[in-house]
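In what follows, a single structure is set out as structure tokens and then discussed.
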Amino acid sequence: MLSSAHLVPTSVQRAQSWICRSSRSFMDLKALLSSLNDFASLSFAESWDNVGLLVEPSPPHTVNTLFLTNDLTEEVMDEALQKKADFILSYHPPIFRPMKHITWKTWKECLVIRALENRVAVYSPHTAYDAAPQGVNSWLAKGLGTCTTRPIHPSRAPDYPTEGAHRLEFSVNRSQDLDKVMSTLRGVGGVSVTSFPARCDGEEQTRISLNCTQKTLMQVLAFLSQDRQLYQKTEILSLEKPLLLHTGMGRLCTLDESVSLAIMIERIKTHLKLSHLRLALGVGRTLESQVKVVALCAGSGGSVLQGVEADLYLTGEMSHHDVLDAASKGINVILCEHSNTERGFLSELQEMLGVHFENKINIILSETDRDPLRVV
């Protein structure tokens, strides 16, 4: 005899699930944005990218349902509105190039109009999620098998450890007016000044150290140049933001155990749920050639992977000539189409955000979002 659970139609189960989810509380838009930045800082996005809140309804705006998609198309927007979304997180920014007008003439302008008319916020993390330790590239690497990974191009810390990008140091001897020097330096905006005793050239002196910006550096040097002794003993150091070991673009993955290219292909197909992918064999390689090191980049990996030493490049798309260049070096190349290397991450993101937001809001995944290219 079948249990009653098996007799409930799927549509009814979905409706019941929707009712349960809809009972959750709301989040204020500003609080949600702050929490999203805590999850993965937008400061890690590439400088050319357009990330963050792209469409904002008039305040106040509260969010009950967050809708996840890889690409915000007109079909996906229809789905988001049908599911009463208040906030769309679109991995790819639907607004990238500047818009000179908002009319019904182009599909992207229509998206903006529909979002505003229906009070739906639109947000894109894009390359910030590529760089994140728990982001898209790290998810893509999970399909390779047990391996150690590191970013191909590590990100730098978002802020300098101290104020300013330059450190300037010099010594003041007893014959010079220390108070005047310190007073003048502290009068320059954007400068952090410290002093400490030091012994230089056999005499007791005061060592002055200050951090400053490029602009204030020129002001400080103009002052010091008035005293030849001070100016000639001045040292300038450039301060760099420290590299972050687990954050950055692309991933270089070293497998614990080498596998044949044929086995690696099947692993990637399984992980991405693809029946086909595109393969360029490296010169002198076969399907039985061993793969130990994989360099990967979700989406378009040509610039990120260029010049990286590996047995295999894995990405969504590369230019014809980049593929030829890699193959000439004996590097195998696997292309899976751009968004096929990204979209699967959203299921994992849905779970992570649920935990991050302590299940305060509904988080749903688009069912209509798909890569525009198909193998026919």
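Heads up, the Cβ atoms here are built off N, Cα and C, so glycines get one too.
When THR106, THR213, THR247, THR254 are compared in Swiss-Prot, the phosphothreonine annotation sits on THR254. When you go through SER41, SER258, SER300 in Swiss-Prot, the residue listed as phosphoserine is SER258. Spacing of THR254 (phosphothreonine) relative to LYS108 (N6-acetyllysine) is 41 Å (Cα to Cα, whole number). SER258 (phosphoserine) and LYS108 (N6-acetyllysine) have their C-alpha atoms 45 Å apart, to the nearest angstrom. Secondary structure of the region 'Mediates interaction with COPS2' (243-376), assigned with DSSP and counted as helix (H, G, I), strand (E, B) and coil, comes to 41 helix, 46 strand, 47 coil. The Cβ of LYS108 (N6-acetyllysine) lies under 8 Å from the Cβ of PRO94, ILE95, MET99, each of these being in the same chain and 6 or more residues away along the sequence. Other C-beta atoms found within 10 angstroms of the C-beta of SER258 (phosphoserine) number 14, with every protein chain shown included. Just so you know, the Cβ of THR254 (phosphothreonine) picks up 14 other Cβ atoms within 10 Å once every protein chain is counted.
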